[in-house]
Structures are given as structure tokens and as C-alpha cells.
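Annotated features in TrEMBL:
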type	residues	note
REPEAT	C:52-85	repeat 'WD'
REPEAT	C:183-224	repeat 'WD'
REPEAT	C:227-268	repeat 'WD'
DOMAIN	C:447-513	domain 'Anaphase-promoting complex subunit 4-like WD40'
REPEAT	C:472-513	repeat 'WD'
REPEAT	C:515-548	repeat 'WD'
Amino acid sequence: MSSGVSVSDDCITSYQELMKRKHKYVVYGLNPTFTEIVVLKTSQDADYELFIKEFPNDQCRWAVYDLEYEADDGGKRNKVVFVYWSPGQSSIKQRMVYSASNNALKARLGVALEIQGNDEEDLEFVNVLEKAKRNSR
Amino acid sequence: MVNYGGDEVSALVLDIGTSTIRAGYAGDDTPKAVIPTCYGYTEEQGDGDVSMEGSEEGAQLPKKKTTLYVGQNGPSVWRAGMHVAHPVQNSLITDFAPIPAIVSHAFKEVMRTDPSEHPVLVTEPAWNTTENRERMAEIMFEEFDVPAFYIANTGVLNAFAAGKGSALVIDVGQSTASVTPIVDGFVLRKGLSHSGLPQLIYAHAKHTLTTPQPGRPGIQLIPHQLIANRQTVDATFPPKFTLREDRVPGVTDSWRSWYEAREVDEWVQSVAGVLDQGWNDQAAAQRGPRHYEFPTGYNTYFGAERFNVGELYFSHTPQLVASNPNLPKTIPALISSALTACDPDIRQVLLGNIVLTGGGSMLSGFADRLSAELQRNVSHVKIHAPGNPSERRYGGWLGGSILASLGTFHQLWISKEEWKEHGKAIIGQRCK
Amino acid sequence: MSFKKADLFPCNPATTRGESTRISSSKDKIAYTNGRTVIIRDLKAPSAVVSYAGHVQNATVAKISPTGYYCASGDASGTVKIWDLVGEDQTLKGEYKVVAGRIKDLDWDGESKRIIAVGEGRDKFGHAFMFDTGSSTGSIIGHSKTVNAVSIRHQRPYRAVTAGDDCTIVFHQGAPYKYEKTIKTHSKFIQDVRYAPSGDHFASVGMDMKIFLYDGKEGETVAEITDSPHTGSIMALSWSPDSTAFVTSSADRTVKLWDVETRKAVTTWNLGKAVEQQQVGNAWTEGGDIVSLSLSGDLNVFDKRAGDKPSRVLYGPSKAVTALTPTSSSGTFIAGLADGRVLSFDTDYKYAEGAGHKNLVSGATTLPDGKVATIGYDDLVREIDGVSFTQASCPTTSQPKSIAAAADSTLFVVEIGVVEAIRSNQKVHELKPKYTPSVVAAHGTTVAIGSDEQKVYLYEWDGKSLTETAVLEGNRGALSALAFSPDGSQLAAGDSSGKIALFDAKAKKFITSRWSFHSGRILSLAWTPDGKHCASGSLDTHVYVYSVAKPGNAIAIKNAHAGSVSSVFWVNDGKLASVGADGCFRTWEITFFA
């Protein structure tokens, strides 16, 4: 089932720009009336710590992040990660609407790898990296 | 075409469980109506006509004059010769005949609302059949004349309400315990596992109470409806009460089963628990006894035996397994079945996103024990167990309430016109 | 002995309630699918029919390339096959799995080089690729649910539009195809989106009953067509060859013709009141034929100048043919379908008039006076006179499986555990055998009943009761088909193992069981008028023609019908006809050895 919220065109174009390395990450969220998913921020900053700060501890968010890492056999790899952030302190209404809108955004962008984040531990770089490596197909 | 314009017409949300039906307005925090699913009925040899007590709807039951008694003044009121029937078993509606009457009672009498004026969202268990789904749509459109309808999966609603698109939803109800793996908002059908585990707990508890134990005789599970008066007695002393002799002959077998089940259930909810680390005689003894009083006035302290009951959720002794070939699976066994059917890369995600829901899961120590059991074999286990009893019991209803109150959800309803145009096929197309 | 393919009378398109059926057109041809078969038929030349049965799962859509050399067809497994349309061999040019679930639509680009296929998936709902190599040309993104339709602009600047269940249209730049923007005009599932042949506009229709017109180059919404709106979901849209008009087909049982410039409905064709007349697909050929498909499977052909009714209706089986009986020696027959409908075939198909069966038609037989008796899973025996059902209706005790007529017009009906004899709409005799009856045949006063226990029982019918005269053994499976030779001297008995035993019906003796080339249940047996050869149709999809004189020589017509061959019969001594689960009726010219 879905929530029926629409996705602004910006969401897809900013993702295409990230794929072309114009952004390092894009943060998405629901507009105040809970009717549309919009781009909240785009950034070129490669500092992962700064990226984590984009996720408030009482509100849900989505993001796509261009993860760069060293593969086990040496050599740099890039993998785009889709993050769905829904912290325990967010209201049940937020969680419900964001969860039911998840696919609307993720499927439109066509990202395969998703990180479900419910607390800070889920967003720690090591955990995210582990999932990305495991998911390398 | 359904169009609500500026004025939001509130939708109704209906969650049909095995023991209770929850109904309320979309947008509310809790359901306004929580009524028993089972109903009482009396039969008189006579012709044709059927009447309804407690409702304006006439139920269609053949030949004998059958009167149904639903809701709060249903099975719980003693009536001579009244039987009790359970139209929902293992969360699935097995007898649709009384459903319109029960639902009507919830909407019209308890909520005092007219369903023909509100879109209705109904929830269904993950293992619901296509026929049941279509039958429910038919009842809503044809009998209740609702303007719009949607049916949503309880497991998915619970996962979403916990903030997860992928999760392992463990739902412990009154009759069924289920494990539903959900990936990206879709139920992974091959991983669905459920068993009648709560019924085993109930049977064991009943046995424990009614058979003599060291230190106490078998306890009589007589409900207050059959007690004329009673005296206060000290703990462990024999009860002193008088029966309503006038009522005893009118008690049917099914009503007796029903009230005994209720008494056992009350006892389990108040007193039973689960040891959080696994069975250990010392730990059980150390936890201390709990006091409980029965309607007969008999009251006593229950010690380690109260943990024996809860233990059955997690482990079965070899003797028990040997004596019963059809033993329902324990919670860990259900989880194991569910995960084995899933792809290996999904398993980690699911174990890291467990959602615990259902009234039965509120048993003291349950969540801790679950965590301990899983962490024995898996490193990363995370359980989301809402502390709020309303959220825990009515997670499915709550998720439906939020969804149905969204402005953007309006375009997803199936309208009456669409039902007329496309028939049953549209249910499968739209409610995915 | 040898055979040559002769005619093909195709099945009609398969339809599903609540879903759009794709029909495409090229010159005067239309292309559609039914089961695993792709059918391409020429509306101006009915004998020019091409059928392709190469898909392993149900085919869902077929489109001919602009050059006309190839056809691309998609199926329920997400595979697109591109095959040669010109040569007889239908050589496969390419086969690619493009999405995870069903393909709902596909389109060729103007150069016949690229294809975009769309459908069901998890996170990928469409794929753009080169038709000959399968290598991708861009990516189709922007949707979150099943995509139902795709249309590619054939002029520069190249564009493509895709639309689906997420209620949005995605406008792509091409090629390589890239997301440009999302168009949010509809409020419910979008069923079709089509570019006009000129590329100036494209239009979309959906379950919200709305029609929108857009600029072809940039995708700007030009207008919502609000004149004379449909009152039900709009399932398909097709443009006129000159791009000045388009037609829409709707579940409100009408087809409307729209003028692009005035944005008004020029004509509304009303097809009826029943659910079966909901319109679920359409096409507009270059030759000017407007075709709209009813849920019943009927193809309604309209002339845009005639506003009241279709200029003709093409009827044909849209479901499996489950029973058939020839009604003359010139190739006419009555066919019963899996959904209870009954068609009569003369030079083309027509529905038998009157209320027929409500459930699968399980048998049909021709009576001596030329009437036809049919049985169905609604547990009734009905009668057809000419092309209409008569009032005669006799209920059976249980589900009827097989029917045969004796010379005195008594009908013998095999049911569960019992055989009933019915004459003049009344039961006159009942046989409760110790064996399980499965199939029946009759000749003159002789009745043969086959059993699940592999034996055939012969009886004499005296008008009042059946007297057993012989038990014939020789089959290796439950009997499933029986046929007396035209003079009654021989009896061919086919069974569930694929074996056919030949018996001398007069001497009541087994002759041979060398007629056993089939590998699956025999569904039908038919003798040539001279009694020298017998044809058989089977679940194994093959047809064999056996010879009495030389039992080891047989003509094999392999894979005659996808699914199974449900019925075979002779049109004359040299022409064999067959019908199958694919709903198609084929004829074969047989050359016998001297």
C-alpha cells in the first residue's frame, strides 16, 4: 500500500545530478502538508560526519549518498546508497506516512541499495559500508 | 467518483481480529469501538424469520429462528440456552454470515455512525485469501453501501507504523502467533509463518488451574454471571459462594468454554510471565509469587508455575513434544521458519528490524526473552516494541487510521462506481 | 502421406476485466495476443493471418516494426522476442528479458532500431534497448508502480512517454533515453498514452475517465478534453493515420471519436448495456479501420463516417474451444468455449443466439436431423437449431462429460458414475455401470462407452434400454475419445496415455494398437468419410493422421495448437480441420499414399 504522496521532479533530476558527481548527497523530506516529497538539501561536502547531522532525531528523512570506499582488492569503488531515516522519537504519524511513501521515492529513483536507519548506530559509516560491500553485485 | 472537496469526510477504520474487532475514525489515536468478535446465539424451532438483538440488521440464517447477540451485551450476558460461536479463527473469517451484524453493531450502535457516508478501510492478516478479501469488499459495497473501500495488510501497517519499510513483524494475538517478513512494503509470502501457539498456552494454563496442584485443589472457573453471592476468604482458603442455580441448567457447552477461556485469559494476562533468560528453577523461584483472585472469591499466590505457562511461547519440553505430534511452533521456531524461506541477504535486515505487536506480546518478560533467544545465534538483533499498550495492541488499526486520514490517500480508495464497473478484479489491482 | 498448412481462422484477443488489452496496427493489419499465441491479421484480407507461438508464457503485447520486417512481442515472464515477420520460418532475431514481471506494452522507435518495453517490476519498470543486440540505450526511470503504456515519438527531437499505475506520465528525452520530467494530470491509474503519427501531440487516458492532450515536443499539457466525457474508465486510445483525430474505448461501453482541433467528441458509438460490452482495447489502421475490442472478445470495426453502429463485428473464440461438432461436410461447425459461449462457423464466426450455457461447454454432437445437442458444466443438455438455441433444456443428474447421438436421435450423456439416455428433452433410460464411464460414441443402434478402467463396453440400444454386447480391451489409460468409422464397422478408442486402439466393431475384436504416436491424452478422433484413415488430436498439441491399412505410417502435424488440440474433423476426404486451446481453427491439406 502507499500513501499517495507525489514526488517533485526536482527529486529525480537532483538524483541524476548526483549520478554525474555534481552532488555528494541529496536530502529529501515531506513538505509541511504531507502531500509531496521535495528536495531539502543538496551538498558537495564529502565529510560523512556532516552528512549524519542532516538527520534530526525526531523527524524522518530520506537521502541518497554517493559512497566512496576502497574495495578489499584495492581500487576505489562508488556505490549510491538510499537512506530511509525514521528515528524512535519521531511521531507515529511521521513514521507511518514516510514508510508508506518510501517506495514512491525509492522506486522512482531506481536505487537498489537501501539503508533503513532507526537510530544513529544504523548510520555509522562502518555499518553502512558493510552493507554496501555485501550488496556489491 | 468520490470527491470530498474541502470538507474532509472522515474515513472509518475496521480491524477484525480473532478475539476483538476494533473500529474507529481515521485520524483518531485509538479505536472508539473494541467489541468481542465472538457472538452469542439462541435457536428456537420455528419458521423463517430471523431477528437481531442489539442491532437493526437482520442476519440471514436459515430455517430455525435464530437470534444473535453481539457486542458488549453479547456473549457476556447470560441467557438460557445461548451458544457462543467464533466466526474468526486464526485471524481468518471462516463464517461470513454473522459478520455484517457484528460490523453493523460496531458502526451503528457503538460508534453511532452511518457507514454509507464514510469510506471504510478494513485490515486483513497477511495470509488472508483472495476470496475473503473479495467477500469483504462485497459486504462493504453491497450491504453497507459504503462510498469507498480499501483493504490493507496488518503486518505491513505495523511495519510502517514502526518506521520500517522492511521488517520482521511478530504478532502475538489471542489465538494466533505469526511471523511476517516484509520487504519494501510487501509481504514475503513464502516466509509467512503462523501457529496456534497462544491456544497452547491457554490450554496449559487452564490445565494448571483446574487440576489439583501441590498446595491447592483444582480451581473452579466459574464466572461472575453464575455467582449469586460470595464471601471474602483468606488466601488459599476454600471459596465460599453460592451459584445462581436458576441459571446453571441454561448454560450451553459453548458458553461454558467461552467463559472458562475468558477466566483463564484474565489470569494469564495478570499473572503469567516469561523468564527473560531461559528456564531456570532458581530464577523462577526468585521472581516471587503473584496474587490473584477468582470470581468465586478463591484467591491465592502463584509462584513458579506462572512462568511455566509463558515458557511455552519459547520452548517445549521433550515430553511435551513426544505427547503431541501437532504441537504449534514456538516463537523461535516460527522465526526460524520465516527466515529460512527468505534469501540470506534479507535475513540480516529482518533480524535487525523486528517489530513486536499484539496483546499477547505484552506478557511480562516477553520482549526481553525474545531478545535473549535471538541474540544467542545472531549478533545483530533489534526489536521495536512499543511501550504504549494501545500502540502494541492496536498497531494495525493505528496504522490504518493514519493512512486513511491522509489527504493524498483519497485517490487510492476504490469507489463504489469502480466496484460496479470492474467487479472483484479491482480489489487485487488496487490494494497491493 | 504428407500435409500442407491451409487456412487459419484466428482466435480473438484475450481480455481481462479491469485491464486494458493491447492491440497494435501496421498498414491494414492488427496484432494481438491470446494465451501463448500472437496473432496478426489483415482486416482487408481475412485469409492473411500469421500466428506465432514462440512464447513460453502467455504473450501480452505484439507490435510490428515501422519497416514491417519484424514483430516484437512481450510476455508475462518479462521477455521480449523479436522475430522475422516476412519469412515463413519466423526466425528469432533476439530474445531479451527486460523487466521482472509482465510486459504491459512496448513500442518501436521511428527507425525500427530501438524498443522500449514496460511493465511490472520492483524498482525497474521499463527498459530501452537496441532490437538487434539487446544493449540498453538509456534508462527508463521515474515510475514507482507498474507502467501500462509506452509511446515513442518518431520525429526529431526524439521523445518517449511512459504512463502507469502511479498515476503519472514520465516524459523522456531520447535516444539514449533520459528522464526529463513527470506529468501529473491524472488522478487514477493511467491506461494508455499515445503519440500521434505526426509527433505533434500525444494524449493520455485513464481510470479517472479523463483525456489529456499534450504538446509532442516538450510535453506541455495543452488541454483536458472535457466535452461529452466518458462515464467509465477509459482503457485505450488510438490516433487516426492523419493525426487529426483519435478514438477512445471505455468501460462505459462506448467508443468515442474525437477531433483534435475542436477538442470535441464527433461520434459516440454505444455498444450495449452488459458488462461484456465494456470496451478494453482499440486500434486505428492506416487503411482507415477503427477497431475496438469488447470484454467479450468481439472485435468491433467502425467506419468513422457511420455513427450508429459498427460496420462489422469480427467474432471468434477468445477462450479455449472445449467442444466442437461439425454441422455439415463442408467445414461448418458449432464450437463451445470454456466460458459457456457457443459459436457457429460458416465462412466466419457468429454467436449462437439465445441463452446458452452458463459454464464450460463440455461436449457437442450433431443429431440425424441436423440439430446440435450441447452439454455444459451448468449440468444442462441444450439444443441448437441452425444458429440459435431452442427452448429445449434438460438437466443432468451430475456434471456431463461426453455426449453422443444414436440413429433414433436419443442422446447418451456420460456423467459422474452414470450414463443417461435423453430423447425429446426427457430422460428415457439410465445406466449405472460397475465401471467409471468417461466417454461415449454411437452409431446406428450401437453405443460404445469408454471407462477410466481402460476398457470399452459395447451396447445395443433398442429404444428403451442398453444391453451390453461386448467388452473391448486394448487401451493403456482411461478412455478419453471414441469414434466409429462412418459405416460403423470400426471403432477407434483413444486414452489418457496417448494410445489409440482400433477395434472391429462388428466382430467385436481388437485389431491393432499401433496408432500410438501421441504422448498425451487423446482429445478427439475423426474418421475420413471413406473410413480408411483416422485423425487424432491430443493434449500433447500434435495432430496425427493414421492409416487403417498401414498402421505404422502416420502423418504428424506437430504443435498444431498451443496448449492442446481439442477437436479434429474432416472437411472432405483431403482436408482436415483442427481446433485447440489456443482458440484457433486451422485446416490442413492431406495427401494420402495410394
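Cβ atoms are placed via backbone N, Cα and C, with glycine included.
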State the non-local partners of the repeat 'WD' (C:183-224) in its own chain: residues 6+ outside its ends, Cβ under 8 Å from one of its Cβ atoms. 20, 148-155, 157, 159, 161-165, 167-171, 230-239, 241-243, 246, 248, 250, 252, 258, 260, 263
Within the same chain, the residues 6 or more beyond the ends of the repeat 'WD' (C:52-85) and with Cβ under 8 Å of it are 14, 22, 24, 26-27, 29, 31-33, 35-38, 40, 91-108, 110-112, 115, 117, 119-121, 131-132, 154, 559, 562, 582
When the repeat 'WD' (C:472-513) is classified with DSSP, how many of its residues are helical, how many are strand and how many are coil? 0 helix, 24 strand, 18 coil
Residue list, the repeat 'WD' (C:472-513) vs rest of chain: Cβ under 8 Å, 6 or more residues beyond ends. 404, 438-444, 446, 448, 450-458, 519-527, 529-531, 534, 536, 538, 540, 546, 548, 551
According to DSSP, how is the repeat 'WD' (C:227-268) divided among helix, strand and coil residues? 0 helix, 23 strand, 19 coil
Tertiary contacts of the repeat 'WD' (C:227-268), defined by C-beta under 8 angstroms and 6+ residue spacing from its ends, are 19-23, 25, 188, 191-198, 200-201, 203-211, 213, 274, 277-286, 288, 290, 292-293, 300, 302, 304, 307
How do the residues of the repeat 'WD' (C:183-224) split into helix, strand and coil according to DSSP? 0 helix, 22 strand, 20 coil
Take every residue in the domain 'Anaphase-promoting complex subunit 4-like WD40' (C:447-513), average their pLDDT values, and give the whole-number result. 93
